[in-house]
Structure formats: structure tokens, C-alpha cells
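What follows is a short report on a single structure.
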Amino acid sequence: MHQKVALFVLLAAGLLCLSLTPVSRAEDLVEDVEGDDMDMDVEDELDLGLAGADEEEEEELEDDGLGEAPPSPKAPAAPKVIYKAPEPKGEHFFAESFDRGTLDGWVLSQAKKDDADEEIAKYDGKWAVEEMKDSKLPGDKGLVLKSRAKHHAVSALLLRPFTFDTKPLIIQYEVNFQSGIDCGGAYVKLLSETPDLDLDQFVDKTPYTIMFGPDKCGEDYKLHFIFRHKNLKTGEYEEKHAKKPDADLRSYYTDKKTHLYTLVLNPDNSFEVLVDQTVVNSGNLLVDMTPPVNPPAEIEDPDDHKPEDWDERPKIQDPDAVKPEDWDEDAPAQIADEDAVKPDGWLDDEPEYIGDPDAIKPDDWDEDMDGEWEAPQVPNPVCESAPGCGPWKRPVVDNPNYKGKWKSPMIDNPNYQGIWKPRKIPNPAFFEDLHPFKMTPFSALGLELWSMTSEIFFDNFFITNDRNAAENWANDGWGLKKAAEGAAEPGLASQMLTAAEERPWLWVVYVFIVALPVVLIILFCCTGKKKSSASPAEYKKTDEPQPDVKEEEEEEEEEE
């Protein structure tokens, strides 16, 4: 009984916690983004609104001559997050929130792509500065990619070039795939500072220092971090790709929420890739890039060749082995079972199949053209009740004397020399760069994209070498969006119904969850132990008649 009670209490507590989760989550999200420098005091705003409404109602009642009316109960309003454009704090090289509503400071590329058809070679994809289609923060604007199957290119200069020295590089921005994403990218390029940098001619081959951001085509979900490293021997630049993240990135492309992408490069060559302020990839520029930053110190000699008498066989046939005299290579693998006996009732004279007696030759059958007509074969009905029909044959079994073709046994090769490999020689192209963090300075940020999906929303670009400045910018921008989306999320019941529409099998789970408490209540209330009747010795001494005394009195009354 105690176990049933405990189980019932735990289940009830769990259901209560689930019912309260959506409300507490929204409240927590709103509290996380409240601060002294943000206009987000939700409760004060609601109180002012309700107070103003009460004063208006009282004035109307007084004008109507009804005097003061008792306050009417009001339904609590949903928390509302007020948008305020983020302001950069601390040292930074670039900050753009697009809340001016224009592309001032940005340059649209007028170039053409070299290796593309004339119809799609132009960078004529459309950009717009506008709010998200389903914005939870009125007034919050961003840069939106508007065209499908077009080349897009837009860029802007930094406040000053970024030089890699003793401070980290932090770049972050927001992306929302409002219409999902089929095939396309949402990555940024940090354009290298060069004398011939012309943003008006920004193309895919424009030199960049770092490329970073999400990219997806089909079921391949990527989060790029690529940097161009200068070969100290040749002076040429090579792309170095970070390892693929272990985390599952699918939801960032499909949930239609705004996500914050952050790249942190440190002077000690370590790096971190974060999504929504959670690390999804990390490593070191010296060991976690492909191809490696530094070439190998030794390489295989291209002029070295394997000698003709080099023996790579670890095993050989024993040359001294001789086939045994009793080895019969001609013995069959299977032989007839001499112990088998024909079953009783076997019909040797009856065929297993006979011509269908009900078949009729077609009227258009021409024996000169089609040959003599024969009825199709059907199983002989006589054989259905017999163990078999036709000539009986002994079944075959494995031949115990079968040995197959004789082969010499294998032995270790006394002349084995191992697998041949070319000898190693010093790599003439070897160099060692122990500080790949010191990359080419960059002076502009650009988006050079091709996408089969439109309505990709970008916002709140920020480049800095100050972690606190980056965190403040993220809280003032992406933090507001997160709080607004959390406050607007549906309650538990709505979420359960939506999930059940997508996955009908969840109805079974819901019914089980609802029915289980009812069953437990019934078991708790109706299956308790019944009290056994007490023996006369267990009754206390009282003046009231006991059960056996009552029965005797009733019997005497009946007799009278």
C-alpha cells in the first residue's frame, strides 16, 4: 500500500512540474535579459497600462453619473519584451544592427562571376533591410536575402583594419532561416586588406582571411571555419579547414529561430566555434586543420623504386609437403544415403504432375504454326494423400571420405622482407609556422552567397577583440530575440497538440499518461485490505451487546 501511495504522489508531482514548465521558462527568459541599460521592465509596463485603463473607466463611470464602480477582474497580460537597438560598448572594429532601416555604409557588388553562365553570372541578387516576417520584436530590423537562385554580394568596411597581435579575434552575428534552407549558405567573409580591394567588384575570388558561418545543401549540414594561410616557402595562400563539428547541427537550420554564431580565435592558436553561446567545435590551428598548417618535415622519395627481387609475401606454400597416398581427389562431395528407405505408400507409377483435365484448347490454336497443343501441367491430385509420386530416389548426404583437391600447407616465408615503402628524404618545401594566429589583416566584412532559398535574415554583426564587449552586444541583441521568442512560445497543451499532429503515435502516450493516474486512484481506493471481524476476546468491556449476544436475542424473539 505504501508503494502505491508513493508512486501516485510522484506521478502527480511530475505532471504538475510539466504543466508549470512553459510558464516558468518564459518568465526566466524575460528575467535573463532585464538590465539597467535595457528598456525591458515588463511588469512596470503592464502595471502602467492597467492603471491607465482603470483611470479611464472610472472617468467614464463618473461622467455617466454612476459614481465609482468596483474594480473588475482582468486577465493577466502576457509578458512583452520591448526592443531597444543594441549599442556597442568597449573596443570594436565593426558593429551593425541595421536598425536605421537602410544599407548606408554597405556596398552592393556590381561584378560578374567568371566561371558562370551569362544568365546567372551577375551578382544581382536582391537585399532588403526589414523586420522578420514573424517578428516578436517590433522595430528590430535586419539584412534579408530576398532572391532565389541568384548570386548575392554585399560588403562594408571596418572602422579600422583588424591586425592579429596579442588580443583575440571575436566575430559574431545572427542568422534566421525564415523559410528553412534547401541549398545555400549564410557565411561571412573577412576580406583581406590589400591595395586593390574594391568592394564594388567583390566576387568569390576576392582574397579573404577568414570564412565563417553555416552552409547547407541536401542533408549536409556544415558550419564553416576556413582561414587562408600563407606558405612561407612559396608565398602562396592555402585554405585550411577546421574539422567537422561533432554536434548535431540540423535543428539550427530547420527550427526557424534566430541563432547566434560566434568564432573566437586566441593568440595561443586555439579556437572555438559557438552557436547560441554554446561551444560546438574547438581545437588548435596547428593540429586541427585540414590540410595541416605546416607540411611534413620528411616526404617519400619520388625517385625511389621497389627492387625486383623484393618479397612481400608473409606466407608461402610448403615446398617440401607431399600429398598423402590415400588422398582421393575424385571422391564426390555428396553420396546417396544407403540407410534411406522408401516410404510406405509411395506411388512409383503416378507422375507428380499431369495435364490439366479441365483445360481446353483455344479456338485460334493453329497446330501448323503453334505446334501440337498440350494441356498445362497441374499437381497430380492422387499424390496429395501419398508421401510422394514418381520414381523414388535415395536422398544424398555429405560424403565422409570427401577431402577435395589437395593443396600444400602454408608456412612462414623465410625470405619475407615486409611491405616495401619508398625511403624518406627531407621535404624541400618544409617550413614551420608556430603562430598561424597571425593571419593577414582584414579591413572589410562581406556576404558572397548563392542560395536556392530566400528570406535569410542576418542581424547584429560584431567584430571585436574584447570578450566583454562581445558578450554585452550578444545580450543586448540576440538575448532580446531569445527572450521574445520564449515569451511567445505556446503553452504545454498547444505544444502537445502540435507534436501529436506531426507524430500521431503520441496520442497513445497521452492516453497512457492520463489513464495511469486514474488506474492508480482506483487501486488505491478500492483494493485496500478489509478489516477482519474481531473475536469476542478483542472487544472492550462495555454495556453494549456484542455480536453473538445480539444474535441470541434475535433468535429468542423469533421463537416467541
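The backbone N, Cα and C atoms fix where each Cβ goes, glycine too.
Quick caveat, the model's predicted, so the values are computed rather than measured.
Residues or ranges marked as signal peptide by TrEMBL: 1-26. The compositional bias 'Acidic residues' annotation in TrEMBL covers 53-66, 346-355, 364-373, 550-560. Sequence annotations record features per position, and here TrEMBL assigns region 'Disordered' to 53-79, 286-386, 529-560. Here TrEMBL flags C183-C217 as disulfide bond. For 505-526, the entry in TrEMBL reads transmembrane segment.
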Apart from its near flanks, which chain residues at least 6 from the ends of the compositional bias 'Acidic residues' (346-355) lie with a Cβ under 8 angstroms of it?
374-380, 382-383, 386-392
Long-range Cβ neighbours of the compositional bias 'Acidic residues' (364-373) (under 8 Å; 6 or more residues past either end):
none
Per-state residue totals over the region 'Disordered' (286-386) - DSSP helix, strand, coil:
9 helix, 18 strand, 74 coil
Number of Cβ atoms other than its own within 10 Å, given for C217 (disulfide bond):
14
When you measure from the Cβ of C183 (disulfide bond), which residues in the chain that are at least 6 apart have a Cβ under 8 Å away?
K216, C217, G218, S451, M452, T453
